[in-house]
Amino acid sequence: MKSLIFVLLLGAVFAEEDKIVGGYECTRHSQAHQVSLNSGYHFCGGSLVSKDWVVSAAHCYKSVLRVRLGEHHIRVNEGTEQFISSSSVIRHPNYSSYNIDNDIMLIKLTEPATLNQYVHAVALPTECAADATMCTVSGWGNTMSSVDDGDKLQCLNLPILSHADCANSYPGMITQSMFCAGYLEGGKDSCQGDSGGPVVCNGVLQGVVSWGYGCAERDNPGVYAKVCVLSGWVRDTMASY
């Protein structure tokens with residue numbers, strides 16, 4: 001039970017220590033939908049899905065937060081950033097902190113983001129991505145590298161794994177609102193990297209970084225909220241505010 005609790009709380013409690021392992025520095029502003037959630041410090045990632053709304057993980061919830069857009073080097077003001085506060089932070093009504101099911105939330109911005117070459121929205125899915133689809137996960141942090149570029153946005157390309165492989169890696173823990181992506185042999189992983197951050201496949205937001213066991217370990221891939229299953233709630237909620 002102790003190890004189970006550690007697994008489930010890893011992303012939520014240690015979000016500010018998350019790191020991508022085996023990845024590379026993203027081309028500047030190639031992930032212009034990527035945002036940083038800030039509460040005096042960076043604590044989670046997220047994705048801009050319209051000029052007014054950000055998607056993140058429910059386990060990243062804070063009642064009030066600031067969204068930083070247009071970032072690349074998170075500790076340097078590069079002149080491309082926009083800082084916008086939240087007006088509403090809304091967790092999925094069926095989110096479970098016990099098993100991290102339905103791990104998604106929406107953040108309404110107090111003012112619209114200015115869309116430009118540094119900041120733009122990513123599309124929500126109209127269908128689920130197929131197994132083996134290659135996707136990109138992004139986030140800040142790479143402290144397991146000999147060259148620590150963790151303050152610069154990191155990217156990792158990784159495939160969606162089958163439900164069977166995912167369930168075999170985490171028996172009894174994978175729900176219909178989750179999927180696994182990564183490499184069963186280990187060595188490359190988002191490592192919750194940043195919790196709440198995007199998994200983008202062919203230009204569409206298919207995943208939200210959620211949880212996992214360890215970091216880049218064999219047979220323990222990263223687990224992500226399955227946006228295609230949750231997108232109905234996302235669209236309905238955005239339309240009702």
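Note that Cβ sites are derived from N, Cα and C of the backbone, with glycine treated the same way.
These come from Swiss-Prot:
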type     : residues      : note
ACT_SITE : HIS59         : active site, charge relay system
ACT_SITE : ASP103        : active site, charge relay system
ACT_SITE : SER195        : active site, charge relay system
DISULFID : CYS26-CYS155  : disulfide bond
DISULFID : CYS44-CYS60   : disulfide bond
DISULFID : CYS128-CYS228 : disulfide bond
DISULFID : CYS135-CYS201 : disulfide bond
DISULFID : CYS166-CYS180 : disulfide bond
DISULFID : CYS191-CYS215 : disulfide bond
DOMAIN   : 20-239        : domain 'Peptidase S1'
SIGNAL   : 1-13          : signal peptide
SITE     : ASP189        : site 'Required for specificity'
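Location within the structure of each feature annotated in Swiss-Prot.
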| residue | record | Cβ contacts under 8 Å, 6 or more apart |
| --- | --- | --- |
| CYS26 | disulfide bond | HIS72, SER138, LYS152, LEU153, GLN154, CYS155 |
| ASP103 | active site, charge relay system | ALA57, ALA58, HIS59, HIS92, TYR95, SER177, MET178, VAL208, SER210, TRP211, ALA225 |
| CYS128 | disulfide bond | GLN206, LYS226, CYS228, VAL229 |
| CYS135 | disulfide bond | ALA129, ASN157, LEU158, PRO159, ILE160, ALA181, VAL199, VAL200, CYS201, GLN206, GLY207 |
| CYS166 | disulfide bond | ILE174, MET178, PHE179, CYS180, PRO221, VAL223 |
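Among the listed disulfide-bonded residues, namely CYS60, CYS155, CYS201, CYS228, the Cβ with the most fellow Cβ atoms inside 10 Å is that of CYS60. CYS135 (disulfide bond) falls within a strand segment according to DSSP. With respect to their backbone Cα atoms, CYS44 (disulfide bond) and SER195 (active site, charge relay system) stand 5 Å from each other. In this structure the alpha carbons, written CA, of SER195 (active site, charge relay system) and CYS60 (disulfide bond) are 7 Å apart.
Secondary structure at HIS59 (active site, charge relay system), as computed by DSSP, is helix. When the disulfide-bonded residues CYS44, CYS180 are compared by the number of other CB atoms within 10 angstroms of each CB, CYS180 has the fewest. The average pLDDT computed for the domain 'Peptidase S1' (20-239) is 91. Cβ packing within 10 Å was compared across the active-site residues HIS59, SER195, and the lowest neighbour count falls to HIS59.
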